[in-house]
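Taken from TrEMBL as is:
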- 203-574: domain 'Glycosyl hydrolase family 13 catalytic' (DOMAIN)
- Asp347: active site, nucleophile (ACT_SITE)
- Glu402: active site, proton donor (ACT_SITE)
Amino acid sequence: MGDAMKVKVKDIETLFSTDGYLRPFEREIRRRHGVLQEWLDKINQGDGGMDQFTQGYKYYGLHFQPDNSVIAREWAPGAKNVYLAGDFNNWHWESHPFKKLEFGKWELHLPPNADGSPQIKHLSEIKIIIRNHSDHLLDRLSPWAKYVVQPPKEANQGVNYKQYVWQPPESERYQRQHSRPARPKSLRIYECHVGIASQEPRVGTYDEFADRIVPRIKRQGYNCIQVMAIMEHAYYASFGYQVTSFYAASSRCGNPEQLKRMIDVAHSHGLYVLLDVVHSHASKNVQDGLNQFDGTNSCFFHDGARGEHSLWDSRLFNYVEYEVLRFLLSNLRWWHDEYNFDGYRFDGVTSMLYHSRGIGEGFSGDYNEYFGLNVDTDALNYLGLANHMLHTLDPEVITIAEDVSGMPTLCRPVSEGGIGFDYRLGMAIPDKWIELLKEQSDDQWSMGDVVHTLTNRRWMENTVAYAESHDQALVGDKTIAFWLMDKEMYTHMSTQSDSSLIIDRGLALHKMIRLITHALGGEAYLNFMGNEFGHPEWLDFPRVGNNDSYHYARRQWNLVDDNMLKYKYLNEFDRAMNEAEQRYGWLHSGPAYVSWKHEGDKIIAFERAGLVFVFNFHIHQSFTGYRVGTNWAGTYQAVLSSDDPRFGGHNRIDGNVKHRSDPEGYAGRSNFIEVYSPSRTAVVYARVSD
């Protein structure tokens, strides 16, 4: 029959039927798809199907009934007894025992008071009490807790979070006023953290973010925000990556109703809202986390070494446990249904797939790395289930994988045997820019290397391109702006200060790096809050090492708002770059064609979405009459120039000049135009007539 790759198939089932012709990795895809289908069948045949299975939050936790009785349910398979205690029963730990049900489930009914009111009220404090098989009583927070708060220092009640019942009266519940915007064709993501969004040295709030920051994001031309550190985490400095309460919105920034308002306000500005979700691991905290909830070392996690992430000092989920899948899948649905999030960035996908088995990062691209025994297929199966559930529930949902491995099929539909993500992060791109800035002088940069890094992605699997990650903004590292300009940012960023070659170079390269990443690096673009204007200082959360200071755990918006400072130039270019993408749509137009990468001239030229992009990275040489190939005949004009004075440039590009194409072939293209290309300048040309 010949090479299997030449067999024309309509769907994956047809491909799978040709087993004798499949390569080993194709057989592994089939096996994985079969396991996923088995789980889907198992879920659909029990518990009312996937729809009911993924609404575990309606069954577990605390639920008020129409008659004001209260039902509490927990899953604690390793517990000998389970009790509910709180201010409603004067903290008598054993006075209200749960009834043991099948499969490790426990249930408690609390009838209403004699006057018809509920025994437990809004903002009552409660705890789950576990009796383990050594007859020790252990106090825990419910894994399904919706609102948990750390006591203030002056209360002298320790640092462990407390669970408060969130059941406000109808008049105090936020009512959505705006519908969700349409899913963006081109995704321009503003990654943000509500707590550090305040300029004041304190934790910012959901209301402040809605009123002050969302309008900024909209003005900058972004159409999506990716919000970090929403799931409650006891340690603020963990950046939200050590989750303790998966169903609770971080109370540092406000209450659940205020978060709902923030998302609604974002929707009113046409912004999609993505949640940074951490299902790759969980905090080791016991009294205010999931760890040892039922008094055993397993429950939600693997026991033994497989349940420990030594690098992150955290616990790893048991993705083959039925109730763990219910907990995690329901968690995704909770944030979608309750808070109206539009999608998710799945953090730590690489760690889920490899680190739980002790496999480090660093991938050669050999298919044996992706389809061999190194991969945690249980975690892979969970990700497939999650994507299948989310996209079935809501076809407009967006999911993004934080994956550095390059796992094939990660961003192909589950129906094709893929894992179902819509996008993956292009994690090699920010690493490449830092490598160049840190290790090479400008004249050593390889144009071929830059192009390869920006275009090296899997065909038909969408990538989110970004020039720098939030990790680079953290204390101990440097943002691109800091690598470029460092201490000069404190002395020469005034528009009235003496000219500085360091600042001139920094502004020029900062704009070029972002534009070429935006235009060439993927099918979506991401920026971390503050990097759009070159925020001058790192991010350092309050911790013991800095005397719990908030000085660096904030964003200095005053710098970009000051018309006398050069930060405004970077900010305006960022805005213009996004507006140009909105107008021409290069992110959703298909890959670019790179026609030119000249090592001597340090010039890169490519076509995308009917535009011609020209980048001159040369440290001092400008070129007149420079030929640039294009397959589209017509008259071209500059529509975006990094050298424009409003972006801090030197005004060397005349936007009124028309460039008529010549039909003589050049650089493998059917036409060419001649342009002036100043050093350290990026220019985008559009056809203004045929």
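Each Cβ is built from the backbone N, Cα and C atoms, and glycine gets one as well.
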Check: If you measure Glu402 (active site, proton donor) to the residue listed as 'active site, nucleophile' at Cα, how many Å is it?
Finding: 5
Next item on the list: Using all protein chains in view, find how many other C-beta atoms are within 10 Å of the C-beta of Asp347 (active site, nucleophile).
Entry: 23
Next item on the list: Quick one: average pLDDT across the domain 'Glycosyl hydrolase family 13 catalytic' (203-574), no decimals.
Entry: 94
